[in-house]
């Protein structure tokens with residue numbers, strides 16, 4: 001009886017959702033084009049990352065090789081973007097990674113994904129609010145913060161002075177008010193802000209190449225001595241000079257930080273139901289927006305390190321401050337204005353999808369119905385917007401900007417990994433076809449009980465997916481995710497591996513052999529032949545490479561970041577096991 005109870009409980013956790021006609025009954029008007037989606041993607045990706053993280057990485061992590069960091073982070077994002085593009089072409093419903101996980105890997109993972117997406121958008125709102133007020137405060141020479149501290153310090157304990165920022169509160173509340181506008185009006189504001197920030201970044205890149213000096217990529221000890229650094233025996237925090245002053249380890253750390261800059265393109269798939277031709281526009285919107293973002297980041301990091309020697313860039317500074325160092329004060333205000341527009345667009349972009357994800361989860365019975373309450377005048381889910389806007393305000397009080405960036409990055413990396421696993425599983429399942437917006441699993445007239453044999457693992461009898469081949473891929477994908485995690489844990493100790501320790505080298509070899517074998521088993525299974533406008537190429541290698549890169553970047557996070565993430569997940573599990581598992585619509 002106990003075993004049966006555990007079996008029933010386990011079945012609840014992995015029950016999957018079948019796409020039904022009623023999902024599209026209340027679909028909004030399909031009015032978005034590919035260009036609209038590109039603007040939406042750029043509005044989410046090009047923001048805090050390019051204005052803040054470029055300086056942070058260049059100052060003490062990678063120096064001039066910051067460009068390489070952005071390229072590595074961009075590669076990881078492109079791999080994830082290809083997986084999102086296939087899902088966007090395959091599933092014509094809103095819900096982002098949450099819905100994709102629900103369809104493929106089951107309810108528990110879907111809830112984890114949706115719950116993390118909420119944190120993703122809330123943390124993004126807090127990050128952008130902090131960055132917005134930081135830049136605004138720097139414009140008049142830090143006079144605002146100085147005046148605020150002088151007026152508050154006599155009345156408030158010092159510990160609160162460091163966290164209290166009324167401008168953050170006012171900013172978030174202002175955008176909560178803007179979010180009560182109609183969706184079309186919000187989208188128009190976002191597009192205007194996006195165009196402005198792209199123009200400003202083009203101006204920055206052009207100015208950087210005009211005022212740049214290639215010698216800043218070839219700095220030596222003589223340059224440090226000339227700049228006033230007396231002790232350069234080991235160069236210390238200055239690194240070793242040249243183009244890669246902090247070595248390969250610095251590039252890896254920088255890539256993990258730069259990954260944040262590419263977060264946001266997946267918001268495109270939250271608007272699937274509003275796209276005129278989702279099979280064509282979703283993949284193109286994701287790929288084009290990532291390509292333009294990569295060009296922007298590469299150009300900005302190159303311009304920054306050409307204009308200013310990396311050792312003069314202070315941690316925590318922003319892009320506009322580079323013009324102060326070279327004596328271009330008017331350009332500083334132009335770039336700062338573009339920064340404020342960029343962050344404003346990002347703030348709207350992060351807060352808007354919160355209510356989209358919450359609406360889908362409430363409709364599925366996994367979250368409380370009160371979160372889907374709407375304001376009838378503008379059809380805005382005002383309760384969810386206000387509640388999570390307040391949570392964003394609280395997070396800005398108690399977490400620093402770097403803490404919020406790391407927290408949001410770890411959530412995103414986990415979500416991207418789940419999407420890659422979902423693509424890997426779904427491609428090898430029995431045929432799923434859309435006919436009249438109704439998805440049905442088509443199973444041919446095959447024997448009800450297929451036999452699993454060693455020969456059948458590598459030489460399947462059928463040329464089309466069967467229930468048995470689908471189960472084989474599910475099991476192998478789960479094992480591969482576990483083995484890749486173990487491999488990343490071992491590779492995180494790469495200095496030990498370079499020392500030639502035979503134990504660790506043997507562990508790596510064994511893990512690689514097992515990973516190769518399981519990959520071969522998946523590769524030999526028959527794939528779905530369902531016609532799609534876009535499919536991830538080179539299966540199963542590209543999704544596995546995406547999973548590996550995501551997990552490896554997660555290993556670069558601090559223990560404090562993992563602790564904050566664990567607290568958020570505990571809250572989520574309490575909600576799911578006390579409410580969601582009983583009220584699930586699938587049940």
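Please read every residue number as a count from 1 along the shown chain.
Any Cβ shown, glycine's included, is placed from N, Cα and C.
Going by TrEMBL, these are the annotated features:
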type	residues	note
DOMAIN	534-584	domain 'Cationic amino acid transporter C-terminal'
TRANSMEM	37-55	transmembrane segment
TRANSMEM	67-88	transmembrane segment
TRANSMEM	108-135	transmembrane segment
TRANSMEM	156-180	transmembrane segment
TRANSMEM	186-210	transmembrane segment
TRANSMEM	286-311	transmembrane segment
TRANSMEM	331-354	transmembrane segment
TRANSMEM	407-428	transmembrane segment
TRANSMEM	472-492	transmembrane segment
TRANSMEM	504-523	transmembrane segment
TRANSMEM	532-555	transmembrane segment
TRANSMEM	561-581	transmembrane segment
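The transmembrane segment (186-210) makes contact with the transmembrane segment (286-311): 3 or more of their CB pairs lie within 8 A, with pairs spaced 6 or more apart in sequence.
Touching of the transmembrane segment (472-492) and the transmembrane segment (67-88) is ruled out by the presence of fewer than three CB pairs under 8 A, sequence neighbours closer than 6 excluded.
Counting only same-chain residues 6+ beyond the ends of the transmembrane segment (286-311), those with a CB under 8 A from a CB of the stretch are 34, 37-38, 40-42, 45-46, 49-50, 54-55, 57-59, 63-64, 66-67, 69-71, 74, 77-78, 81-82, 84-85, 88, 198, 201, 204-205, 207-209, 211-214, 216-217, 219, 223-224, 227, 229, 238, 245, 258, 261-262, 265-266, 268-269, 319, 322-323, 325-326. Mapped onto DSSP helix, strand and coil, the domain 'Cationic amino acid transporter C-terminal' (534-584) counts 39 helix, 0 strand, 12 coil. Taken together, the residues of the domain 'Cationic amino acid transporter C-terminal' (534-584) have an average pLDDT of 88.
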